Each structure stands twice: as structure tokens, then as C-alpha cells.
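Listed features, source TrEMBL:
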type	residues	note
DOMAIN	26-357	domain 'Calpain catalytic'
ACT_SITE	CYS84	active site
ACT_SITE	HIS271	active site
ACT_SITE	ASN298	active site
REGION	656-698	region 'Disordered'
COMPBIAS	679-690	compositional bias 'Basic and acidic residues'
Amino acid sequence: MPSRYVKLHKQNYKKLFLNCARKGEHFRDEHFPPVESSLWKNVQPVQGNIEWKRCKDLCKNPHLFIFKNGQLIPEVVQGAVGNCWLVSALGVLAAHPHLLEKVVPRWGLQDWVHSDEPGRQMGVYHLRDTERHPGIFRFRFYRFGQWIEVVVDDYLPTINGRLIYAHSKNPNEMWCALLEKAYAKLCGCYEALDSGSASDALVDLTGTVPETIDLSQDDGDGGIIKKMGEDAFIYYILKAAKKDALMSCSINALDEERIEERLPNGLIIGHSYGITQIQKLRYNWRDKKEVLLFRLHNPWGEVEWNGPWSDSSPEWEKVTESKRKKLGQIVEDDGDFWMAFEDFVENFSNLVICRNLNTPWYKLGQHWHSIIFRGVWSVETGTAGGCINNQETFYQNPQFAFTVTKPTVIIIALMQEDHRAVKLYGTDNLTIGFVCLKVEENRKYRIHRPTYVVTSRVTFINAREVTSRVALNPGRYIIIPSTFNAGEEGSYFLRMFSSRYIDVKPLLKDKPKKKWYYPLVYWGNAYYVGMARVQIMKVHLKREFSGFIKITFSDLKGRLHEYYVSHSFKKAIVADIGNEYVFYIRDPLTSGIILQLCESHTFSKTKVVGEMRVGFENYCREDKEGRIWEITKTLTKMVQVPKSLGVVTTKEVETDGYTPNVSRRREPLQGTSNNSIIRDNETSNSDGHHMATSPHHFAPGINTKTMLVPQYIDAGIGEIQIRVSYFNGVNA
């Protein structure tokens, strides 16, 4: 049961019920009265004299639900309005009675009571007796992240005494007709229910998370079944069915086909079918082969599949009577039919799976961590930037950052406000979607440039909700929800479910904030003048190695430091790291980074076996600013050696524009103090090599007795490959 809900029009069901019951009155809803305006706004769907009748006048013994052998049979039939998407969802919901409690709260206390007890003869009646029942009912729907309680009366539109909208085949069962009326009240009128998505209906009825699977196999890569493999796809569906996922399916119309056109096999184009059951069937105990069967429900209550495993197909003759009875196989034109998995994926275009990911902690199985956000795309606040095609404005959209520490599966669902109520006046859904970008491990501020890898995206469509399931490796990511066109305004509701706990936070600041005391604390350097992005690509080792990279950023001649640790690797010769970091710089001429390769040991302390030093003053020059440079450097270590110089090889590749521009340098291993950083200021010497010089190096003290000086030499362990880019300013 939803713990929190909003009352539509602030109508209190209990107060209204008791007030009418005590006065002996029948409830008449003033917010959705039994008049023509509640049926349609523009077009009259049916012709005839429409009369509103109460449930007790339609049948002698009305009930909300009628169970057969303890089961609720999905016998829901579509009416005059084209809402097969909603009626098929009601049929699916009927196959999961335990979920009905969400939509029809405490329905046993709302139902009619038909009493022939002695008390009735004495004039003692139950408040919910057929004649005294006030005719007031309540239903709850999940809309835009909250449950809304809708109160309705039991006046239903009829023609010649027959219901004209959705109803049950059993004339005494009223839940589907009353529920449809409550949903019509929520949307404005019955006409507003014409056309829609089955996934939207299932979400509104249960609060689940929808996933739409494209079953078409004619695309270039063969479709999802070929990607996953048939066995894996079947396991995926059966696992969802075992966890009470709600499912629906439909057939897309081709160019020469029309919506609701009947195919020769009995299926209908553009029509929503509810999947009420999935079973594996074995003919007999000697036959090891199993057949996967889907039971589907047509909201029309007739027109069924006529292929293999249809009601009268010869396949059923091989199945024992007991198994057919267990499956509920009935030869009747009632809209319910079975079909095999092979025929299902061949004929249907889309499969909608709605899962309940809010698993209670006390239940076994997969537990999902959820977090929700609400916001708006607004031109006034500058957050309506459009999709990623709008490079100048895309990064103005809302941004949400999170860090993944271990491989994690994340389900992202983006919902916009329902426009069904205003659709009658020409307002349609916005085209919405989102992208997921991999960013620097220490990113704290919003991004502003298209220089990041897109790890996942969802197709932009004008649906009420779009979802995507993505498996993410360790790293930091940003999700950017948006409309397709820049300048489109609307509200959004973002839901995220993760297999592991993640801390998702909206990024609100564009850059580091200026403080009044900066000039005093940072020796006149009042603010950041630029930023550098450093990505550790690979570590090429000369032996099998387990460890990690420690990154030290230094600024203002070593007075400021930042420390980070990369992801670890185990027993590798070539380790792909991939971690990227961003550093805000006050003085590019004295800033740089030290990358230290640390070897991990189980029973001893971590040991630094080599390091790489890079200064940023060489990359803040006008000819290199904004470009991406790939640098491969030999790992070094400091030792006391004779005054003769060794060399270290550096390979520098410009990757900007995807056109490598390689320059190689042989750098003399100069003495330096522990706090200094080797710079890469280039000057040409007579032999054509680029020599590294730096005005900031300390002259190390020479040991006059041994004539030794501290020197950096090849550590003999390997080399590190990194990418460096420098940007003037802090918006990148």
C-alpha cells in the first residue's frame, strides 16, 4: 500500500461515505457529474440516448470483484473509446490480484454487502447493503512520482441498459467499469482516454518501472534476441515473470498497413495485448523438449490468434487433459489465447515489461537502491538546452553526477508530466530523452564542453516516459535529461535504480566560487586562471604487477597539493586504467602532477616503484591550449649517482582532431629537490633533440666526499601513457 497519496480535488472518501450513509443519500460527484461533459469535449464517440445508471440498477447483485476458485479471471472488455492500451493493462492487472490492493485500496470494505440475515427483517441494515450503499468508491493511480486518490460515484453511462465503456464479461463485476471512470476523471473525460501506451497504463496502475523491448529482427545487427542469444532472452523474460513483472505487447504498422487492421493470423495491428501468463509445457514425462507458451488477452473480448497453439489447434491434442485444465485452456472466442515463443517474437514488434523495483528489505532476491529528482526545463532559468545536437545550449540542461565504485547495473527512467488532460486542446507530449557521460573522477562542477565519452543514451521520443538499463564500470558519470528541441519547457521526474548504492547529486555550480580572502591566502593569486584534464590511459610494465597509481597535483611552487588514487589492477603487464582527473590551476607555470606507481602487497606496506612528472606550463601555451596531448613517459626513480647524466625517453602525440602528430624527446635526468617537478619547456640543441629546461629547478646539493648527486633514472619497471589537455578559464 502506498504510504503517501494526494486526494484529487481534496475529496475525503471516508467523510463523504459516512456523511451519505448516515443521511441515507446516494453520492453524486460534483467534480465529475453524470453529464455529457464527463464523456467528451470535442467528438461524441457513440450515437444514441445515453443514460447514466447506478450499479445496483444494472444488476441485482453487484460486486467489485468476482473470484472463481479463488482466482480473478481477466475478463475485461473494451468499450466505445479506443483505450485498448488501458483495458489490456487492466487484464494484466487482473492476473496479479495482489497488486490490485494498490489501485483499489481496501476493496473489501468498499464492496456491496448482500445480506439476507435476520437483522434485515428487523430493520437493521449494513451501511454497504445493496440498497443503502452510498455508491462511492476510491481508486489510486501513480502519477508523476506520487499516488493520487480519486473518488467517484457509481453512475455509469449506458445505452439501452448496456454499458458503453469498459466492463467485465460478468455483468455483476463492476471494478473495471468504475476504475475506468476514476481514470477518466483524472484525465478530464472519457474521450481523453482515446489512444495511449500500455506501459503508461501499467505504470499508473502499479508505480512500476517500464522497459520497452524492440522485438524486430530485421535491423542490421539482427535484433535483441540475436544479441543476447535466445536462451538468455528467454531466461530474462521468465525471470521477470517470476518476479511478478507486468507485460504487454503490440504490433507496429508498416507503411501500407492501417491501425487496427486484422491480419490473416487473427492478430490486430497497433493493438495492445496483455500477457497474462507464461508457462513452460512438456507434452509428457518421456518428452524432454519443452515449449514456452504465452497466454495473451485481447481487450476486445474476441478476435484471437489462429496459428499454432490457438484454441482449436492440433498441438493441444498432444497435451493431457489435466495439463490443459491446469493452464486454463478453454475453446471459446473470449479474447484469451496461447501462442508459442517462436510465433510470439516473429509476429509482435514490441514487448513492454513493467517491474516493481521497490523490493522490501525482508524479501530475498535482487534489491534495488532508488533515488528520485523533480525539476523543470525552463527558458527563464536557462535549463531548456535541447538534445546533444544543440552543442551551444545542451550543457545548460540539468546535470546529475554520481560515482560507481564497483560494476553496477543502473535503470534510468525519465518521465514528463502527463499531457492527456490537455491533449484535447492541441497540447502533445514533449520529445524527451537523456544521455549518460563519463567524466573526471573528481568532477564537482557542471560540464560545458562536448569532450566527454557518451556511455549510454536513450532514443528521443514523444512518450510520457523513457527508460534505459545500462551496466557501468567504476568511474564518475553525469546524466543529462533534456527535450529534443532547445527552448521547449516542461517538468520532468527522474527515477534511478541501481544494483549497488550510489550517491546521486545535482550539479548546480558552474565553477569554483571566488572568495574574498584568496589574495591573502594564495600569495596574490586571487583566482583560478585555467584547468587541466589528465587521463591515465595505460601502464606498460616489464613484469607482472599488481598495484595502483597515486596522483599528486601541485600548484604555486608546491604550496598546494591534491591527492587521488586510481583504480587498482592485479597481475597485469599492460594495465588499462582509464581514470581521468580535472585540476583547477592558479599558476600554470609552477603547477604539475606526479604519477607514482605503487605496488600492492598482501602482508606488507605499499611500495612506490616508479614515478612520472609532468608540468603544465608547456601545455598552457597558445599553440597547445585546448588540444589533447598523448604522452608516454618512462617511469623513473631518484637515486644518488655520479654527476654524469642519464636520459629518459618521452613520446608526445597530439590527438586533437584524431590526427597523430608525434614528437620524441630525450630528456636528461637532471637533479632536483623532492618538492620540485620536472618541466617540459622545449629548447633545441645542436643535435636536433629537444632538451628539457626549467627555471624553477633547485640545484641539488653535491656530496663533496662521494661526488654523488640526487638523480632521476629509469626505474626499470615500464612506462605510463597519459593524455593531457589545458584550457584557459574554468568552464570546460
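Including glycine, each Cβ sits where the backbone N, Cα and C put it.
No curator has checked TrEMBL annotations; they are predicted automatically.
All features noted in TrEMBL, drawn onto the structure.
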residue: CYS84; record: active site; DSSP (3 states): helix
residue: HIS271; record: active site; DSSP (3 states): coil
residue: ASN298; record: active site; DSSP (3 states): coil
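Close to ASN298 (active site) in the fold, though at least 6 residues off in sequence, lie SER88, ILE268, HIS271, TYR273, GLU304, GLY335, ASP336, PHE337, each with a CB less than 8 Å from its CB.
Using a 10 Å radius centred on the Cβ of CYS84 (active site) and all shown protein chains, the other Cβ atoms total 26. Of all Cβ atoms in the shown protein chains, 22 besides its own fall within 10 Å of the Cβ of HIS271 (active site). In the predicted model, residues of the domain 'Calpain catalytic' (26-357) average a pLDDT of 87.
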